[in-house]
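*Asks:* Okay, these came from TrEMBL:
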{"type": "DOMAIN", "residues": "536-640", "note": "domain 'STAS'"}
{"type": "TRANSMEM", "residues": "138-158", "note": "transmembrane segment"}
{"type": "TRANSMEM", "residues": "170-188", "note": "transmembrane segment"}
{"type": "TRANSMEM", "residues": "200-218", "note": "transmembrane segment"}
{"type": "TRANSMEM", "residues": "249-271", "note": "transmembrane segment"}
{"type": "TRANSMEM", "residues": "278-298", "note": "transmembrane segment"}
{"type": "TRANSMEM", "residues": "337-357", "note": "transmembrane segment"}
{"type": "TRANSMEM", "residues": "395-419", "note": "transmembrane segment"}
{"type": "TRANSMEM", "residues": "426-447", "note": "transmembrane segment"}
{"type": "TRANSMEM", "residues": "467-490", "note": "transmembrane segment"}
Amino acid sequence: MGSLANESFSIELQQLDAACDTARNQRTHWLLTSPDPPTLCHQLIHSIKKNVGRTTKQSRKEAFFSFLKGLFPILSWGRNYKAAKFKHDIMAGLTLASLCIPQSIGYANLAKLDPQYGLYTSVVPPLIYALMGSSREIAIGPVAVVSLLLSAMVPKIVDPAVDHIAYRNLVFTATFFTGAFQAVFGLFRLGFLVDFLSHAAIVGFMGGAAIVIGLQQLKGLLGINHFTTKTDVVSVLEAVFKSLHNEPWFPLNFVLGCSFLIFILVTRFIGKRNKKMFWLPAIAPLLSVVLSTLIVYLTKADQHGVKIVKHFKGGINPSSLHELQFNSPHIGELAKIGMICAIVALTEAIAVGRSFASIKGYHLDGNKEMVAMGCMNLVGSLTSCYTATGSFSRTAVNFSAGCETVVSNIVMAITVLISLELLTKLLYYTPLAILASIIISALPGLIDISEACHIWKVDKTDFIICIAAFLGVLFGSVEIGLLIAVGISFGKIILGTIRPSVELQGRLPGTDTFCDITQFPVAIETPGILIIRVNNGSLCFANANFIRGRILTAMTNGSEQHSKEKIRVLVLDMSNVMSVDTSGIVALEELHREFVSQGIQLAIANPRWKVINKLKAAKFLDKLGKGWIFLTVGDAVDACLNTKMADLN
């Protein structure tokens, strides 16, 4: 009876093994007979048909209105706009204008332009963005970093102290290129270009730029007449010491500037401690301008060495179409400046917009934002504006003031326009030291030490990128800082591509899951079978030989660890490999030949769609044997174990 039971159990076990083999073979058949993946040409044709199909289902009128709504989001939400929202928007817009007016004048001074151009930039671009932008909270206007970029790069072509009109025209032309690049990025969905500036690079760049901007404000804070056009910290400090040593300076500028700087910082501290007092730090810069102007006017301080704004042209934005320098011999350099400003401005604006959009719980389309930013800068370059973007400090004020929509930008622009018409003559006696103190007060928000510490804890390579960008801006120039940051970021990506890792895998006890034995020491290796996974998205010319060498090294180490039983099968898990080229296939063929010479069988598990298609086209499967291609690592291991048992029997 016992022998009959054993025979019956043996028959059932053989039937179960046969069923498992049949199921495994069926899965392999599915893998090998999968249809070819669509080519790039097929994908393009499908995309065109899909778009044409959408337009044919709509009438021309519906398609036109749909296009307009996509281009001008205000047509969609404007229908449901109510008076209750306008109450919040008008309060936010007025609060925003009180901060925007003095900041815009200061940023124009930073960009080496006359004060009115900062105010012009706070009129037209916000109005265009209100029609085309999708962010509800973002505040548009000139910002410190872009102003620094222009003042650092354009003077290399024309010195504003020598020919101020030519310098201004080149700034308008660079702004035109900035808008053109931004619009093209959005229309062709090239938003990934903005991502070339990683988060770590932005943190370092902003911190370095903030320090450079602060040091440059020493000119206004100390009342210095002659100053360097360079932006590195060594040149700036050298210019300050030389000016103080060789030229007379007037301490009243410093006293006036520092007094109101302390006042602005104190109001900001009060506003942070008491959220209901959010309006106090917002109006503090404007209040500083008004009070300091009155002090200078009443005490005749300008006659005692206090530097003032003096002539301040007002009125509506004049046209600057005839001032664009497309025939300039420096058109290539201006295009380069426009490209840099476009990427930096978009990076700041989209980061700001998405931050506040996530708080409000809605999605911000990056490509639409690029088109809106591009159009507003294109129109701005034709109306005497320089590059505008979203400001973090003003957006935070706009948000705190309770804005509901971009109507707050419209209110702000109208308020600035009224100020240009009526109040510019009153700003004649405004001291330059106050403008410097307003800019300096906005800089602490650009230096994020806590985020730099967080980057250090999370990723040391990213921290190196952050510090490189910081030091590049500080001791080189803004271009050098950006190039260093982007270069190290690219180096990190390339290094990860050409030197990917491979990992030995084992089975977790009691499961069919295979994982890295280094990460999970409890994973059990299968005797006689070595499982290796390639951790890279592609097997290509850049990394094929490196991966081949890593596999051979892992094979040698695995052989030493499996000294009791010779390795008979190497299972190559290609679940992470999304693509392979001819160099990668040649590397696989060389591995196969080398293993055959050593009496080792190569098996491939879970090749992706494009990979299996390339392997079939290269006839590699015929050389390897279709019986050694498996859908999963588990199938490969089970098949190898059955083969070993059959050989033993």
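Keep in mind that glycine also has a Cβ here, set from the backbone N, Cα and C atoms.
Predicted automatically and left uncurated, TrEMBL annotations should be read as such.
What you see is a predicted model, and the numbers here were worked out from it, not measured in a lab.
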*Asks:* In the predicted model, what is the mean pLDDT computed over the domain 'STAS' (536-640)?
*Replies:* 87
*Asks:* Counting by DSSP secondary structure, give me helix, strand and coil numbers for the domain 'STAS' (536-640).
*Replies:* 59 helix, 16 strand, 30 coil
*Asks:* Using a Cβ cut-off of under 8 Å, list the residues of the same chain at least 6 residues beyond the transmembrane segment (278-298) that approach it.
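*Replies:* Here the qualifying positions are 95-96, 98-99, 101-103, 105, 256, 260, 263-264, 267-268, 270-271, 306, 308, 397, 400-401, 426-427, 429-431, 433-434, 437-438, 441.
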*Asks:* With the transmembrane segment (467-490) as the reference, find which of 138-158, 170-188, 200-218, 249-271 contributes the most Cβ pairs under 8 Å.
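*Replies:* Checked against 138-158, 170-188, 200-218, 249-271; highest Cβ contact count belongs to 200-218.
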*Asks:* So what's near the transmembrane segment (200-218) in sequence-distant terms, Cβ-Cβ under 8 Å and 6+ beyond its ends?
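*Replies:* Long-range Cβ neighbours of the transmembrane segment (200-218): 110, 144-145, 148, 224, 227, 231-233, 236-237, 240, 344, 347-348, 351, 436-437, 439-440, 443-444, 446-449, 451-452, 455, 459, 462-463, 465-474, 478, 481-482, 485-486, 488-489.
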